[in-house]
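Peer 1: Input: one structure, supplied below.
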């Protein structure tokens with residue numbers, strides 16, 4: 001593809017792009033200890049098409065808060081002021097299509113290549129009226145635009161699996177947003193974690209993009225080196241949520257010099273700015289002195305701040321509701337395909353799951369091979385069932401808790417861009433886990449049934465494997481519910497064992513279900529471990545099961561065992577149906593919770 005082709009591909013909508021984005025007297029506060037804490041105080045500014053602007057300041061200055069307010073990514077809090085696109089209030093139905101937001105943390109599928117990552121973004125976010133060939137052409141154009149051609153077919157990688165470089169990774173994150181050709185690009189600390197060379201190249205690429213494609217690019221940045229600072233058309237300096245300066249870097253140097261703060265020779269301007277506008281926390285005297293200095297800067301800028309130059313343009317925004325780029329099944333297929341490709345290449349995770357299954361198979365085979373048909377054999381059978389119930393519970397819930405909260409962050413980012421519905425992402429995740437559940441159930445349950453010598457009947461054999469699969473699926477569904485509800489992995493790993501231990505306690509082995517107090521009996525009816533124990537026991541200790549009685553007391557037949565442990569209600573298929581019902585219930589509840597917790601913050605007024 002030639003450069004001309006690239007320019008045509010990415011620039012074909014330039015005539016419709018925004019010309020100006022402005023904000024006037026924007027203030028934002030949140031409630032802290034029943035008092036309102038102002039994070040932003042009367043911030044004003046504007047950016048025109050083709051410009052790149054940096055918001056700078058020390059830690060806690062309000063940089064990211066301002067960026068999020070301007071992008072519409074805030075939740076609760078008091079917001080005032082005007083934020084306008086081409087002189088008009090932003091239209092909620094089209095805003096997600098007009099802008100893009102690149103987060104500081106690059107959450108990507110590590111086993112996908114650069115091309116695949118951008119291609120999936122295009123398939124999900126570009127309208128279904130575009131052909132796949134057209135979407136791939138857009139992807140190739142963005143790849144060339146961002147200088148990613150050499151690593152096009154390289155996997156993303158992570159800390160353990162080496163892939164593309166940090167600079168390339170950041171450009172991929174930017175490319176994900178560029179496939180839709182947004183008018184405005186917001187970036188939160190795009191140089192964070194990059195070395196000087198990659199940081200400069202990233203900003204230079206954005207600068208060229210702004211000029212060539214007439215885009216509006218607004219970013220936060222901490223302390224850029226001099227050559228990076230020169231790339232910005234304007235800078236906004238913030239301190240304690242107030243504007244210290246907004247304009248060019250050269251004018252800022254002169255401005256502060258006129259106030260008695262001359263920049264030393266051979267000093268990075270950004271270092272100089274941060275030094276004089278940041279609160280000195282070393283002591284009360286230094287703090288008070290820096291607060292006085294900041295007040296001087298605030299008042300000085302107010303005295304020279306130009307009135308708003310926002311021009312009311314004749315622009316008509318559609319009032320129709322935003323439409324999803326693809327139908328539900330189309331979203332589901334693309335997301336599922338992405339999950340499956342990433343999982344198929346993630347050999348370490350797959351091998352770990354298979355290794356766990358093989359270890360369990362070997363351990364059970366060594367301990368329980370050729371179980372006898374007497375009281376000891378009954379005890380061993382119950383022991384095997386409990387071991388399998390616990391293994392298929394913890395072995396499926398914990399991995400989900402470890403990984404799903406991170407996946408939820410990625411989905412939340414993509415939902416903020418209007419890529420797809422939450423339900424398509426959730427149920428695609430559910431389906432993507434099924435193949436491994438089937439493999440493990442067959443790998444463990446298949447050989448074990450005959451090795452330990454369970455009831456010799458083919459029908460019972462397949463029911464046994466199905467019960468194990470259903471146990472794994474129900475546990476997996478519960479893991480997705482908990483993973484959807486908890487804010488992070490740490491909380492999930494605290495909550496999950498507490499819940500699972502209670503379920504195991506009511507499995508019927510550690511505690512006889514017939515002796516459970518009335519006010520606690522309801523727990524057994526929501527414990528899928530209980531239903532698994534009942535189903536496995538009824539499948540084994542059926543009416544045809546007869547056991548040798550050499551000592552008293554003993555169980556002469558299967559029904560006696562089932563009644564003694566309280567496994568008689570519900571029956572085999574009732575227990576299977578109950579577990580299936582719990583799985584469906586966990587999934588439906590999980591989908592609702594996931595829809596809430598993965599919902600992006602969006603507030604334009």
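Counting begins at 1 with the first residue displayed.
Note: Cβ is positioned from N, Cα and C throughout, glycine not excepted.
Note that this is a predicted model, so its numbers are computed, not measured.
Pasting the relevant annotations from TrEMBL:
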DOMAIN    21-265  domain 'ABC transporter'
TRANSMEM  351-371  transmembrane segment
TRANSMEM  383-405  transmembrane segment
TRANSMEM  426-455  transmembrane segment
TRANSMEM  461-483  transmembrane segment
TRANSMEM  490-511  transmembrane segment
TRANSMEM  572-594  transmembrane segment
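How about a rundown of where these features are and what they're close to?
Peer 2: Outside the transmembrane segment (351-371) by six or more residues, the chain places 377, 380-381, 383-384, 387-388, 391, 395, 399, 436, 439-440, 443-444, 447-448, 451-454 with a CB less than 8 A from a CB of the stretch.
Listed by sequence, the residues of this chain that lie at least six past the ends of the transmembrane segment (426-455) yet keep a Cβ under 8 A from its Cβ atoms are 332, 335-336, 339-340, 343, 350, 353-354, 357-358, 360-361, 364-365, 368-371, 380-381, 384, 388, 391-392, 395-396, 400, 404, 407, 461, 464-466, 468-469, 472-473, 476-477, 480, 484, 539-540, 542, 544-545, 587, 590-591, 594-595.
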Peer 1: Same chain only, please: residues at least 6 beyond the ends of the transmembrane segment (461-483) with a C-beta under 8 Å from a C-beta of the stretch. Say none if there are none.
Peer 2: 388-389, 392-401, 403-405, 408, 426, 429-430, 433-434, 437-438, 440-442, 444-446, 449-450, 454, 492, 495-496, 499, 528-529, 532, 535-536, 539-540, 572, 576, 579-580, 582-584, 586-587, 589-590, 593-594
Peer 1: Restricting to the domain 'ABC transporter' (21-265), what is the model's mean pLDDT?
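Peer 2: So the average pLDDT across the domain 'ABC transporter' (21-265) works out to 92.
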